[in-house]
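Everything below concerns the one structure shown next.
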Amino acid sequence: MLDPYLLRHDIKIVAKKLASKNFLLAVDKVNQQEALRKQLQIKKEHLQFIRKSKSRIVNLAKANGENITILCQEINQINEQLKQTKSELSSLKQLINDYMLLLPNIPADDVPYGSDKKDNIEIKRWGEPRKYNFPIKDHVNLGYITGNIDFTAGVKLAGTRFVVIRGQIARLYRALSQFMLDLHTQQHGYEEYYLPYLVNRTSLYGTGHLPKFYEDLFHIQSINKENISNIYTLIPTAEVPLINLLRDKIFDENILPLKMTANTPCFRAEAGSYGRDTHGLIRMHQFDKVEMVQAIKPEHSMIALEEMTKHAEKVLQLLNLHYRKVLLCTGDTGFASSKTYDLEVWLPSQNIYCEVSSCSNTSDFQTRRVLARYRNKKDKQLRFLHTINGSGLAIGRTLIAILENYQLADGRIEVPKSLRSYMQGLTILG
């Protein structure tokens, strides 16, 4: 959620920045609602002042034995007016808040202007694409050759965009998550969490996934009569429960930054993505991801974004996978993000780069929603934390990259050296 101060004092600047994210701010509506809010606030305070003054007069008159009937009638009238004014003010504040929840975060000043992904800026490349002296197979064919990736079984069990992975590829899949968690906890300073895969609506509002992305989520309601009012949602990312661990808390500055990581399944309905990335494992309804989150002081958040992106890059480097780092333009930057880097790994079968990590600085956008603050040591004032989140990495897409980049001519797969200790020394799959 944006700082209300910005809308009250710099609304033209805010409107311009939001327009760069393809969001049209209703400036007149915001100004009109703010003017009415001020009027109702002043009216409420005025009525409270009059009531207080009248109450003093009543007390004095009562002490002197005077008739207070008319005075009491006047106070009752004031109470009715005050009740009505409070109700109008409360309803207006709810309307303002509902609209505020629809506003995306403001892009940082150094984010390049652009309308969509074609305007993103490539920052760097690491490594070189491998060269092969045989026809390249994609991960779907490689999975078919090994017999370890079964899309037909996924459709049978659940439907399209589901898969069954077994045997050696399943071991490799598990090894990837263990490798990533060990790297982030042992070398990068993150604390590992086990989290609920179902969350409540409050948690999703806290991260900005609601109300905007309602149709992209899987919602669950119990048929048990005792729990029928409880509506849960399958997490789209571990970012949701991790960020909400900060909710309604005040942290000591001395313990910052907080660095958290978790490996969870993620569930996305992918509404509106029909026809996009439908090949194989690239865009599934259910996938696994190692997530990183940092909660940090505002003045350190951009440095933390660079650090977290390097943590994600380290995974790709240790796996010796060619990738590029991309700075997203304003129009492609996510709803809650002020600045985002994508890491895209090379897929030789399609001659394309595929996103395996997205690292974002959400500034105080999420912490304002969840009321996550810290106490400044110098002035003892409460301030909103900044949060950084990033994939470290998406397991399924990283698996795709390994299968395709480490394939041999006969369809077998070489195990990356950094994963062999997690595979009991196995060097070749198939």
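Heads up, the Cβ atoms here are built off N, Cα and C, so glycines get one too.
Positions annotated as L-serine binding site by Swiss-Prot: Thr237, Ala238, Glu239, Glu291, Ser391. Taken from Swiss-Prot, the feature ATP binding site applies to Arg268, Ala269, Glu270, Glu355, Val356, Ser357, Ser358, supported by sequence analysis.
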Inset, instruction - Measure from the CA atom of Ser357 (ATP binding site) to the CA atom of Glu291 (L-serine binding site) and give the result in Å, rounded to a whole number. - result: 9
Legend entry - Rounded Cα-Cα span from Ala238 (L-serine binding site) to Glu270 (ATP binding site), Å: 17
Inset, instruction - According to DSSP, folded down to helix, strand and coil, what is Ala238 (L-serine binding site)? - result: coil
Inset, instruction - Work through the binding-site residues one by one (Glu239, Glu270, Glu291) and point out the residue whose CB has the fewest other CB atoms within 10 angstroms. - result: Glu270
Legend entry - Cα separation, Ser391 (L-serine binding site) to Ser357 (ATP binding site) (Å, whole number): 5
Legend entry - Distant-in-sequence Cβ neighbours of Ala238 (L-serine binding site), under 8 Å, six or more positions away: Tyr193, Leu195, Ala262, Asn263, Thr264, Cys266, Lys289, Glu291, Val293
Legend entry - Separation of alpha carbons, Glu239 (L-serine binding site) and Ala269 (ATP binding site) (Å): 17
Inset, instruction - May I ask which residues of the same chain, at least 6 positions away in sequence, place their Cβ under 8 angstroms from the Cβ of Val356 (ATP binding site)? - result: Leu316, Tyr323, Leu343, Glu344, Val345, Ser391, Leu393, Ala394, Arg397, Thr398, Ala401
Legend entry - Integer Cα-Cα distance in angstrom, Arg268 (ATP binding site) to Thr237 (L-serine binding site): 9
Inset, instruction - Please state whether DSSP places Ser391 (L-serine binding site) in a helix, a strand or coil. - result: strand
